[in-house]
Amino acid sequence: MAQPRIGQTVVVDVPATTANIGPGFDCLGAALDLNNRFTMRRIEGDGERFELIIEGQEGSHLRGGAENLVYRAAQRVWKAAGEEPVALEARVRLAVPPARGLGSSATAIVAGLVGANALVGEPLSKEKLLELAIDIEGHPDNVVPSLLGGLCMTAKAASQRWRVVRCEWMHSVKAVVAIPAIRLSTSEARRAMPKTVPVGDAVVNLGALTLLLQGLRTGNGDLIADGMHDRLHEPYRWRLIKGGQEVRQAALEAGAWGCAISGAGPSILALCSEDKGPGISQAMVRAWESVGVASRAPLLNLQTTGSHWQPWDAG
């Protein structure tokens, strides 16, 4: 494996993700066709030098330096591959807003892993990158679909190995994601949850998850509607999202099969048929507007390819 030359550059596209999807807390996530683009370049300097350039309206909220997730992920690749760290510049075209429940942090982790691995000739397998991504993030539901694409169920087996199952998502099932101009940190959303839950609530979630997965596989809206309910995390998190319940109700009244908090929130996911999408989008935006919150609600498809990289040639 050769050290990347000064100026060597790769471009990494990484999709947004929506995690949990109701009952699949910390194990179910899907990639959406909304990408962050990371252009990673070897620059002059030692391995502790890292420069971050953000293109996008919300870049001021992101940190550079040693705490940056792109940098931390790249460092993990150098170490796992037995390579000396190199100085990096990361230019980010930000389309996935941070602290909205759309896996922005996961895009940074995956980009750092994939980009750093590409710069040294891809010595690490995708399975190893997956392991590193989960270790950095602390839970799998965003980083796994961000890396692999599609709808992914991830669980830790009795052997302590992470096992990933790619689940089917019928192409007729569309996602409206209402993204408000308010932020909610994952740590705050996790603090709102209890340490334990009643056994009955866990049983209800298991049944709901089964219905949801079958509904997504077949495109059966009734099954999606019956399955897209949660008792483990959403009852404690809706109160953190200003106008969240109103937005949810507006989506259902406009024809959504089901509605859930996207990840830790505050974005809200509605699943629907394509013909209902525009009306649901408008209804969700209006509902947030009624409580003084600006938002947008794009109609998105499942992104099935996950992250990918390509070399960049200045010529």
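Yeah, the Cβs are placed from backbone N, Cα and C, and that goes for glycine too.
Look at Swiss-Prot and you will find Pro97, Pro98, Ala99, Arg100, Gly101, Leu102, Gly103, Ser104, Ser105, Ala106, Thr107 tagged as ATP binding site.
Between the binding-site residues Ser105, Thr107, the minimum number of other C-beta atoms within 10 Å of a residue's C-beta occurs at Ser105. With respect to Cβ neighbours within 10 Å, the binding-site residues Pro97, Gly101, Gly103 differ, and Pro97 shows the lowest count. Just so you know, the Cβ of Ala99 (ATP binding site) picks up 20 other Cβ atoms within 10 Å once every protein chain is counted. In sequence order, Ala16, Val96, Asn142, Gly263 are the residues of the same chain, not among Pro97, Pro98, Ala99, Arg100, Gly101, Leu102, Gly103, Ser104, Ser105, Ala106, Thr107, whose CB sits within 8 A of the CB centroid for the ATP site. Secondary structure at Gly103 (ATP binding site), taken from DSSP and collapsed to helix, strand or coil, is coil.
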